[in-house]
Amino acid sequence: MFGIKKEIQNFSRLEIIFLFAFSLFIFFQCLSIAVANIFLGISIFFAILVLAKRIKEKKINDIYLKIKNNRTWFLIFGFFWAIMLLSALFSGEPIEGAKVFFNTYVFRTFPFFFILLFFDKPKLVFIFLIISIISCALDVIGGYIIAPAGAVRLKGLFGHMMTLAGFLCVSLPLCLSLILNRAQKLPFLIFNLVLFSILAVGLMLNATRGAWLGVIPALFLVGMWFSLKSVKKTMAFIVIAAICASLFCSLDQVQRRVDTITDMAYQSNSERLLMWKSATNMFLDHPVLGVGVGQYADKYQKEYILPEAKERRQKHAHSNIFQMLGQSGAIGLISFVLLFGYIFWFGFKSMWRNKNLYGMLIVSVSMSFFIQGLTEFNFGNSAVVKFYWVALASLIVLSRIKDMKNNEARPA
């Protein structure tokens, strides 16, 4: 399939099982967090076995080389982890904080590093992206099937609008790029068009405004990238954009949601403003390390919730920025901004300097994810952030390989 036999011909039996388990984890990401985590756990087990076998056979040099090649990523994540751990240890509940720190900020990045260290093959990571998009499309279909009669918004199989919205923020730019990327056989083009249609309808029925604000500029970037390359791709993008726009404009539900985006009297908006004010108050009281990793929900509900807040059971700030500010203070927010700053810089550099498609997709997907995260704590959503890390690592591998080919093709 996709010609991967050559890429895995040197894999040991343990590595094949590891790859199979990891692929199943990717497939179930949008379908069941329990099943996905089972396969992620199996993947971790076999990753340890593979490492132990390589150490025993003194074949660990390739891992050392990959760590060296990805040292900047390790340094950036290491700095972020160090700050989050510091916030956890000085939270007043260091043991609980350390547990939350590991689960939220370390464990969920395992898929990212598995791809960079074990599966950095172009056809493998391309398949990972395809599987991810299919998983998201199945989530949309499954969510529609199980939705109760009269449901206002599509929640997906996880039963939560924001989770499905996070999956869609990552999947839609990737899927559009598959349609516009290159000349492809008709069956595969039709397959990609069907996937994109499912995802686009899912985005409309999901009706998450933050996702709309993230996806639209991300799709525009993808479309403009390909529009500059050929007239045919320009026309294809215009047709796709026109169809999507007409569908959006034809649905009263969508129009009503759009009208609420700037309405500060709308409860969802006013409650977010109150939560952000509470997070700011946490920061003012604890400016350096915040209230501590793992302490936000308890501190918010017992000390910082404002009297006028109507939604009394919220456990996060509905914003990555304000969550980091209240939870981990100034240095926590700085470490978060540095992490995503490097992600965007890596993508922009590859896109601008080398005209690299995958660099552009790193920017596009991260833009969509980041913009949604301005009004939702998607960085703390286990399923969504792992989905993003899989896509990002896959694109980093493809971007790096493309850059190497471009550099080799340049005259000396």
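Cβ coordinates are placed from backbone N, Cα and C, and glycine is handled just like the others.
Some features that TrEMBL has for this protein:
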TRANSMEM  12-28  transmembrane segment
TRANSMEM  34-52  transmembrane segment
TRANSMEM  73-90  transmembrane segment
TRANSMEM  102-119  transmembrane segment
TRANSMEM  126-146  transmembrane segment
TRANSMEM  158-179  transmembrane segment
TRANSMEM  186-205  transmembrane segment
DOMAIN    195-337  domain 'O-antigen ligase-related'
TRANSMEM  211-228  transmembrane segment
TRANSMEM  235-254  transmembrane segment
TRANSMEM  321-345  transmembrane segment
TRANSMEM  357-377  transmembrane segment
TRANSMEM  383-401  transmembrane segment
Who are the long-range neighbours of the transmembrane segment (211-228) in its own chain, taking Cβ under 8 Å and residues 6 or more past its ends? 165-166, 168-169, 172-173, 176-177, 180-181, 203, 234, 236-237, 240-241, 258, 261, 357, 360-361, 363-365, 367-372, 375
Can you tell me how the residues of the domain 'O-antigen ligase-related' (195-337) break down into helix, strand and coil by DSSP? 105 helix, 0 strand, 38 coil
Looking only at the domain 'O-antigen ligase-related' (195-337), mean pLDDT returns 91
Applying the under-8 angstroms CB criterion, which one of 102-119, 357-377, 383-401 scores highest with the transmembrane segment (321-345)? 357-377
Can at least 3 Cβ pairs under 8 A be found between the transmembrane segment (102-119) and the transmembrane segment (235-254), with each pair 6 or more apart in sequence? no
Okay, the transmembrane segment (158-179) and the transmembrane segment (126-146): do they have at least three CB pairs under 8 Å, pairs separated by 6 or more? yes
Among 34-52, 73-90, 357-377, 383-401, point out the range having the most Cβ pairs under 8 angstroms from the transmembrane segment (158-179). 357-377
